[in-house]
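Reviewing the structure listed below.
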Amino acid sequence: MTEIQAPSGQPFMKMHGLGNDFVVIDSRGRGPDAAGVTTPALARALGDRNRGVGFDQLAEIRDAAGADFTLDFWNSDGSRAGACGNATRCVSDYVMRGSGKAAVSLLTQRGALYAVRRADGLVSVNMGHPQRDWAEVPLAKAVDTLHLPLAGDPVAVGMGNPHCVFFVPDAEGVDLAGVGPKWEHDPLFPQRTNVEFASVTAPDHLRLRVWERGAGITLACGSGACATAVAAALRGLTGRRVTIDADGGTLEIDWRDDGVWMTGPVAHVFDGVLSPEFLAQHA
Ligand SMILES: N[C@@H](CCC[C@H](N)C(=O)O)C(=O)O
């Protein structure tokens, strides 16, 4: 009797770092010049928590020339992101486990990054140097990035993606859903922005809540934690090495001479396969 083969779908993994959750597609094996499989329509459909899988970001792993892998990021609204710190840590851990390496290099839209697993199992990534010039963030006009001409006196920092950091007395009390979208779409940020609300709880400790560009409220944001640590150090509110408590857990940020290092936990939750029907509907 001939066995009928079901048409194959697209494998994916579900991962998270401090509850900042990701769908990860591993497209390696086709060469560094091959395009990825993700389209804006597929990212939007998959990001739907009712009709898709649901995620804050989708990360696609591709082959790289001159590094262990390339990583592309998509927000749940279908837009591209130049950086995603927590997904970078999750995927680096997966690639390290698969290859037996203790450290990996990767290429992202912002350039080459480097990640390592520590003896305690936490994963660290060097997110690179912060972008402090208004044009790099990017902002719409030449202003002082350390004191933006906006209500609340926020700081703008680029980490390969834009961040607008507000220091507030009590981050817990901020109505993120109410104020986040307004700042995300402020005309000073031509590519929109991620929005951080931070309270200094000690000279080496911050409480952080985040409204992410293209994803809304998330339990944590790695690049946002890096941007917040840089902003706090530049304002003289903390040192360059801080612990940051996000809604979903804790990150260690260390702004060193070679870049901003971020360390925290990662989780690989489950693997799945997208059906051919779903893929055809959202190509
Ligand atoms: N969760 C991320 C940041 C994801 C990208 C961001 N929403 C953007 O559009 O820039 C992180 O961990 O860094």
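Including glycine, each Cβ sits where the backbone N, Cα and C put it.
What TrEMBL records for the substrate site is N20, Q57, N75, G85, N86, N161, E212, R213, G222, S223, and among N50, N194 the residue it adds there is N194. Here the CA atom of C221 (active site, proton acceptor) lies 7 Å from the CA atom of N86 (substrate binding site). In terms of Cα distance, the recorded positions that sit within 10 Å of C221 (active site, proton acceptor) are N20, C84, N194, chosen from N20, N75, C84, N194. Each residue contributes its Cα atom, and for C84 (active site) and N75 (substrate binding site) those atoms are 10 Å apart. Here the Cβ of C84 (active site) has 32 other Cβ atoms within 10 Å, regardless of which shown protein chain they belong to.
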